[in-house]
Amino acid sequence: MGVLALQGDVREHLAALTASGVTAAAVRRPEELAAVDGLVVPGGESTTMSKLAVLFGLMEPLRERVAAGLPVYGTCAGMILLAEKILDPRSGQETVGGIDMIVRRNAFGRQNESFEAAVEVAGVDGGPVEGVFIRAPWVESVGAGAEVLAEHAGHVVAVRQGNALATSFHPELTGDHRVHRLFTEMVRSVA
Ligand code: GLN
């Protein structure tokens, strides 16, 4: 499995994947992307990540592989990258797409309004996960093909469409790997 390693909390995702029992490597180049069976798009800053993806020649290969069914999991900024549409994009900000949803960036407030909350996620057994929300987006609306997996305070914070999964929050920061295991199961069911 790969973690898109242009910017963001790459190391934490690599560690969470490794703890979930899969081999994980950083992806920075098209050849590395071509070699993975599943990809995590980490948290960080979505505009920067989008611009770096274009600069590194990864934006088109990412769009092609995700459209072809590559299992992909985006957290926070990664969720924004997987949205078909951003409500309030910054100039030059593009997305990979993959999930028919519209996201609102920084929807839960600024950095100092970051918070943690227990979130019940459909498909994750054993009680709620600790959701870490850092300048997190929420999902403003989802299309017919996308399934809502979790809500917090009346807003959609986890979505799945086919092989694509996205959360507003950061399970990679908690030591609880159940959401990563849900994703690795998705990868196994395809590979
Ligand atoms: N607000 C950030 C963005 O727009 C995302 C923050 C995060 O990934 N923790 O990309």
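Going from the start of the chain as shown, residues are counted 1 onward.
Cβ atoms here come from the backbone N, Cα and C positions, even for glycine.
Caution: TrEMBL annotation is automatic and unverified by curators.
Quick look at what TrEMBL lists:
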BINDING   Gly44, Glu45, Ser46, Arg105, Ile134, Arg135  L-glutamine binding site
ACT_SITE  Cys76  active site, nucleophile
ACT_SITE  His170  active site, charge relay system
ACT_SITE  Glu172  active site, charge relay system
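Structure with TrEMBL features highlighted.
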residue	record	Cβ contacts under 8 Å, 6 or more apart
Gly44	L-glutamine binding site	Gln7, Gly8, Asp9, Cys76, Ala77, Gly78
Glu45	L-glutamine binding site	Gln7, Gly8, Ala77
Ser46	L-glutamine binding site	Ala77, Gly78, Ile80, Leu81, Ile86, Gln93, Arg105
Ile134	L-glutamine binding site	Gly43, Cys76, Gln111, Ser114, His170
Arg135	L-glutamine binding site	Cys76, Asn106, Phe108, Gly109, Arg110, Gln111, Ser114
Glu172	active site, charge relay system	Asp9, Glu12, His13, Ala15, Ala16, Pro42, Gly43, Thr75, His180
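With a cut-off of 6 Å between Cβ and the nearest atom of ligand 1, the recorded positions Gly44, Glu45, Glu172 reduce to Gly44, Glu45. Candidate recorded positions: Cys76, Arg105, His170. Fewest other C-beta atoms within 10 angstroms, Arg105. The L-glutamine-binding residues named in the record, Gly44, Glu45, Ser46, Arg105, Ile134, Arg135, extend over a maximum Cα to Cα distance of 13 Å. Listed in chain order, the residues near the L-glutamine site other than Gly44, Glu45, Ser46, Arg105, Ile134, Arg135 are Gly43, Cys76, Ala77, Ile80, Asn106, Ala136, Pro137, each with its Cβ within 8 Å of the site Cβ centroid.
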